[in-house]
Ligand SMILES: [Zn+2]
């Protein structure tokens, strides 16, 4: 017997919204049709003419747990995701301790298992732990990175020599690597040159466009000359210069294998905010890479829509308001965003910035493929896939207000901007957000192991090859 029947819904079909019903069994989509003639099911959901799309996959969140749980933890972060229509997240390694070995990985997995209401993957960090990368991959991390090429929160940045060695190892394992591309030398030089500058946009000038451009160029070059080039995914790409380099690299890479394959993502603050918002935001607009010019933001919207940028992620990086209440140069970098990602891009559809079809590609289908989550049933609203769904009423655009959000962080850089919030979110067939509150049980989220997870017949993880021979 099916568990759930969703009636009176609309779905996107060949560019048009058409009436549909959705049947869900064992947390998976059993079928989508104009009308089902089933009489027995556990639960009926009246979608009240709402549009149903795949729920979002956010490939870039920092939930600060373990170690910095006064900023966020797996429960508040995942509730914020669910209320924003996102039920799959990849959490990045710069927590305390960082996920750079088995101890760090196991501790984070324990916290997530206990608290997360949405499904999650855990990323593995790359520092001077080259000898631990294989172990991390075998433990089931999703992706390596973000690999910091310049200083940022958590100070995990590495030298170019280490980057080359790491990428070669990662390539050999056929794992994806996420890159935070900013050039450390340019940052240090500008920090010195501009140390007495009190301009409000100083952070953007310390880390200018050419800083990202140089780092992307260097990383592509280093990867190309590695013995085993890795699959590269550039996080939070923020400049036309970087997008052009990545587009060229995509053209150059072989479509026949993964080695050297290149993708990139953009974050909402590089689409919907710009340097002209510093006056209003002050340090609340400080993040890495920094806000760019209005012209750059307009380019990024266009590049996302035309297919040059492959995915959207939030880079949800909460800090408390009192921490942000500091001079621009010393305030921490990062903004919350997991709950506002889908509302901002869906409101963008209403404003004809994007098509709904494109939004579906960049928030679910593409991230699922890039991060290897498609093999676990994620990223597609089709039979046999997880029933991870976002339902929304296209007319329901409201101003974004921090007080309505579920993150522990009590502010948002998007205060007052238009958001189209989900009326309901389902994760594997369970309603986790009903439009008014998160109704998911703490710890219901499932771990999504990466493709490198290797276990024996008893389910015991095999960490090194010597054990295989025994
Ligand atoms: Zn980053």
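Counting starts with 1 at the first residue shown.
Placement of Cβ uses the backbone N, Cα and C atoms for every residue, glycine included.
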**Q.** Additional site residue, 270, 319, 385 [criterion: listed by TrEMBL with 62, 63, 64, 94 for substrate]
**A.** 319
Q. Given TrEMBL annotates 60, 62, 146 as Zn(2+) 1-binding, which of 252, 277, 296, 315 belongs to that site as well?
A. 315
**Q.** Of the candidates 111, 180, 203, the one that TrEMBL places in the Zn(2+) 2 site of 146, 236
**A.** 180
Q) If you check the binding-site residues 60, 63, 64 one by one, which have a CB less than 6 Å away from any atom of ligand 1? A) none
Q. For residue 236 (Zn(2+) 2 binding site), which of these binding-site residues sit within 10 Å, Cα to Cα: 63, 94, 319?
A. none
Q: Work out how many Å separate residue 62 (Zn(2+) 1 binding site) and residue 180 (Zn(2+) 2 binding site) at their Cα atoms, rounded off.
A: 14
Q.
Here's one to test understanding: among the recorded positions 146, 180, 315, whose C-alpha is closest in space to the C-alpha of residue 64 (substrate binding site)?
A. 315
Q.
Cβ within 8 Å of the Zn(2+) 1 site centroid (60, 62, 146, 315 excluded): which residues?
A. 61, 92, 180, 235, 236, 313, 314, 316, 317
